[in-house]
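Q: Straight from TrEMBL, here's the annotation block:
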BINDING   Asp29, Gly30, His31, Ser32, Phe33, His34, Ser75, Asp76  GTP binding site
BINDING   Asp29, Asp76  Mg(2+) 2 binding site
BINDING   Asp29, Gly30, Asp76  Mg(2+) 1 binding site
DOMAIN    6-135  domain 'tRNAHis guanylyltransferase catalytic'
DOMAIN    138-265  domain 'Thg1 C-terminal'
Amino acid sequence: MAGTKYAYVKSFELPDTLLPGTFIVARVDGHSFHRFTEVHNFAKPNDERGLRLMDHAARDVMDEWKDIVLCFGESDEYSFLFRRKTELYNRRQAKILTSLVSKFTASYIFHWSEYFPETPLNYPPTFDARLILYPSVQEVRDYFSWRQADTHINNLYNTAFWALVEQGGQTTKKAHESLRGTNSSQKNETLFSRFGINYSKLSERFRKGSILVRAISSEKDASNSATIVPALESEGNSETSPQRKMDKLAALKSAIETLHVDIIRDEFWTDRPTLLVD
Ligand code: DGT
Ligand code: MG
Ligand code: MG
Ligand code: MG
Ligand code: MG
């Protein structure tokens, strides 16, 4: 329809296209989760239910946007990596970021009661989000190394901190003082000698965070990928029955793997040589 005299306001909507050929990383983070986790009685320092719910919300996001190739989650945050050449929403920044954080938040709330059947939501949790562009594979790898190193440092600190408070009877103030200036091996030693906790035996989910990857994109399953993905794409334009399409989509969905492994060492990446290609 021809514009009305009001239509000029549209020209104030400026383009926000992201630089082509760069890797897009989006990171969502729980808003004031210090408070949210208190109010909802999360176990300290890690609540397995909460972490699994975060993984579920991230899987829903990954299901929705097939150009997401890798996700990493810890604590109240999740990072999403898009393939370098994605043309999602013509690479419009706000469209990508707001859709993603909205989907993540909606899914977190939608699935809440499956993970916390005994704990009604006291108020609606929200997440903030940012988007970062990386020009090369090196920065992408270093980004995920940075997040996983952060997981380790925080988790070791928090594990020692809550052991001192809950088992050692220290006040939170005293526990912070006890840990000030200590290095990793001193924290490990404190945990082991005072509380009998062998840090390296704690859940890998807690120590390494969660990684989501598409199983079919791994080299081992390349033959599988070669059949499912094109089949789905071509079916998008054909008369294939809705049920069959749903089945295929379910297969693709279940092909997302949740891992708690080292993402810093080369092995993770060399095992998945196609992950950062285009
Ligand atoms: P923000 O992100 O600036 O709005 O503020 P917060 O409070 O979300 O701060 P942030 O994101 O730096 O730290 C995450 C908080 O969430 C931190 O206080 C610990 C808490 N949290 C995350 N996961 C768990 C968990 O599994 N159990 C418990 N008890 N707390 C958790
Ligand atoms: Mg934040
Ligand atoms: Mg937060
Ligand atoms: Mg956080
Ligand atoms: Mg619209």
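Our numbering is plain: 1 for the first residue shown, then up by one each step along the chain.
Placed from the backbone N, Cα and C atoms, the Cβ positions cover glycine too.
TrEMBL: automatically predicted annotations, no manual curation.
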Q: Can you tell me how the residues of the domain 'tRNAHis guanylyltransferase catalytic' (6-135) break down into helix, strand and coil by DSSP?
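A: So the domain 'tRNAHis guanylyltransferase catalytic' (6-135) is made up of 56 helix, 31 strand, 43 coil.
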Q: Give the number of CB atoms, excluding that of Ser32 (GTP binding site) itself, located within 10 Å of its CB.
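A: Total other Cβ atoms inside 10 Å, all chains included: 13.
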Q: Within 8 Å of the centroid of the Cβ atoms of Asp29, Gly30, His31, Ser32, Phe33, His34, Ser75, Asp76, which other residues of that chain place their own Cβ, given that this set defines the recorded GTP site?
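A: Apart from the listed residues, the neighbours are Phe36, Thr37, Glu77, Phe127.
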Q: Near Gly30 (GTP binding site), which residues of its own chain have a C-beta under 8 A away, given they sit six or more steps off in sequence?
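A: Listed in sequence order: Phe36, Ser75, Asp76, Glu77, Pro125, Thr126, Phe127.
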Q: Among His31, His34, the binding-site residues in question, whose Cβ has the most other Cβ atoms within 10 Å in this structure?
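A: The largest 10 Å Cβ neighbour count belongs to His31.
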Q: For the binding-site residues Gly30, Phe33, Ser75, which residues place their CB under 6 A from an atom of ligand 3?
A: Gly30, Phe33
